[in-house]
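Colleague: My structure is below; once you've seen it, I'll send some questions.
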Amino acid sequence: MSRFLICSFALVLLYPAGIDMYLVGLPRIAADLNASEAQLHIAFSVYLAGMAAAMLFAGKMADRSGRKPVAIPGSALFIIASVFCSLAETSTLFLAGRFLQGLGAGCCYVVAFAILRDTLDDRRRAKVLSLLNGITCIIPVLAPVLGHLIMLKFPWQSLFWAMAMMGIAVLMLSLFILKETRPASPAASDKPRENSESLLNRFFLSRVVITTLSVSVILTFVNTSPVLLMEIMGFERGEYATIMALTAGVSMTFSFSTPFALGIFKPRTLMITSQVLFLAAGITLAVSPSHAVSLFGITLICAGFSVGFGVAMSQALGPFSLRAGVASSTLGIAQVCGSSLWIWLAAVVGIGAWNMLIGILIACSIVSLLLIMFVAPGRPVAAHEEIHHHA
């Protein structure tokens, strides 16, 4: 079992590493490519667009051909794209490389969640996804630090060579450690069960909405945090970095505590707790009389996301034993596109950073609480399948 957990964690971590590691080198990248930093900030959106594009086909391929046939080319593409970015001499080529990086990371991301659905029952999957969420929270803190250390001795291109090395490690794991987990193709008599795993299932759709809103909350916070903390609250850049490191610490603490909480409380209880924390955070930020209270509200955001997201993802994947790849893709596309759409629309309409965050917190909590209380799971399905090792 440990091989599947190690491979799944490695496959997922390409996604945040591709976002965070290069940011520290952005000024030098812009100077060398004769582009402004503002022009290159679109590289974040281009990367997410690549991920979303990969998710359109990766899930279906993983269900038809297997997990390894998607993980291997996905990690290989991430390696090639990282090298391409390091060799880029214009901003256009650099952005093209970032899109390809997103394609590779998206393939690996989808496969990771499909593997966990294949190999773990509901309760263990919820615990593992909570742990995975905690590990993912470490990357935004460690990646810029690692990038800074690399750039003390080497040019910015070395950041992408470091990403390529990460991709090589994932490729080696996919080739030599990961074993195929896709359930054997169903017999004709099992076709009705395959067809019953509909993406239009009310319970699945409710969890898609909940996880998409939750991701929108956390990405809104990440995107607005420089404005909130430095421009509105007046913190210096060093203080901002310290606060963000502390919020990552809060996220990790609650993520690593959630598996123990699942041994005591029902998953539904933790999901309700998560949304209550979001609601409390929104109210706290709305009425905050001081910076200290506002910072407390921010910690509630991190705690709420960490307590509930892994549980909600596990519940979303639960009904799908034969279509776990497609379900994972659907979740990923909804989360990436939904959160990006909200942030874009709020910016176009002219909603300020503070109100943008408060609005999504309150909307997420109210909608999610209603869905948790009134949309119950359908008929029980097999928690997980026996692993068939394909030649």
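Each residue, glycine too, has its Cβ placed from N, Cα and C.
As listed in Swiss-Prot for this protein:
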type     : residues : note
TOPO_DOM : 25-37    : topological domain 'Periplasmic'
TOPO_DOM : 59-75    : topological domain 'Cytoplasmic'
TOPO_DOM : 120-130  : topological domain 'Cytoplasmic'
TOPO_DOM : 152-157  : topological domain 'Periplasmic'
TOPO_DOM : 179-202  : topological domain 'Cytoplasmic'
TOPO_DOM : 223-244  : topological domain 'Periplasmic'
TOPO_DOM : 314-330  : topological domain 'Cytoplasmic'
TOPO_DOM : 352-355  : topological domain 'Periplasmic'
TOPO_DOM : 377-391  : topological domain 'Cytoplasmic'
TRANSMEM : 4-24     : transmembrane segment
TRANSMEM : 38-58    : transmembrane segment
TRANSMEM : 76-96    : transmembrane segment
TRANSMEM : 99-119   : transmembrane segment
TRANSMEM : 131-151  : transmembrane segment
TRANSMEM : 158-178  : transmembrane segment
TRANSMEM : 203-222  : transmembrane segment
TRANSMEM : 245-265  : transmembrane segment
TRANSMEM : 269-289  : transmembrane segment
TRANSMEM : 293-313  : transmembrane segment
TRANSMEM : 331-351  : transmembrane segment
TRANSMEM : 356-376  : transmembrane segment
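Have a look at these and tell me how they're positioned relative to everything else.
Modeller: Long-range contacts of the topological domain 'Periplasmic' (25-37) within its own chain (CB-CB distance under 8 A, at least 6 residues past either end) are made by residues 88-91, 94, 147, 151, 155-156, 159.
For the topological domain 'Cytoplasmic' (59-75), the residues of the chain that approach it from at least six positions outside its boundaries are 7, 11, 14, 103-108, 110-111, 114-115, 118, 167, 170-171, 174-175, 178, 180-182, 322-330, 390, judged by C-beta separation under 8 angstroms.
On the 0 to 100 pLDDT scale, the topological domain 'Cytoplasmic' (120-130) averages 91 in the predicted structure.
Tertiary proximity for the topological domain 'Periplasmic' (152-157) is limited to same-chain residues at least six positions away from its ends with a CB under 8 Å from its CB atoms, namely 22, 25, 28-29, 32, 86-87.
A Cβ distance under 8 Å defines the sequence-distant neighbours of the topological domain 'Periplasmic' (223-244), meaning residues of its chain 6+ beyond its ends; these are 140-141, 291, 294-295, 298, 343, 353-354, 356-357.
Using DSSP to sort the residues of the topological domain 'Cytoplasmic' (314-330) gives these counts of helix, strand and coil: 11 helix, 0 strand, 6 coil.
Mapped onto DSSP helix, strand and coil, the topological domain 'Periplasmic' (352-355) counts 3 helix, 0 strand, 1 coil.
Beyond the ends of the transmembrane segment (203-222), by six or more residues, the same chain brings 140, 271, 274, 278, 298, 301-302, 304-305, 308-309, 312-313, 315-316, 319-320, 327, 330-331, 334-336, 338-340, 342-343, 346, 356-357, 360-361, 363-364, 367-368, 371-372, 375-378 to within a C-beta distance below 8 angstroms of the stretch.
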Colleague: Look over the recorded stretches 99-119, 269-289, 293-313 and say which has the most C-beta pairs under 8 A to the transmembrane segment (158-178).
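Modeller: Between the stretches 99-119, 269-289, 293-313, 99-119 has the largest tally.
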Colleague: Looking at 4-24, 131-151, 269-289, 293-313, 356-376, which one has the highest count of Cβ pairs under 8 angstroms to the transmembrane segment (76-96)?
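Modeller: Stretch with the highest Cβ contact count: 4-24.
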Colleague: With pairs fewer than 6 apart in sequence excluded, do the transmembrane segment (131-151) and the transmembrane segment (99-119) have three or more C-beta pairs that lie under 8 Å?
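Modeller: Contact between the transmembrane segment (99-119) and the transmembrane segment (131-151): absent.
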Colleague: Cβ under 8 Å to the transmembrane segment (4-24), counting only same-chain residues 6 or more beyond its ends: which ones?
Modeller: 43-44, 47, 51, 71, 74-75, 78, 85, 101-102, 104-106, 108-109, 111-113, 115-116, 119, 128, 132, 135-136, 139-140, 143-144, 146-148, 151, 156, 159-160, 162-163, 166-167, 169-170, 173-174, 177-179, 181
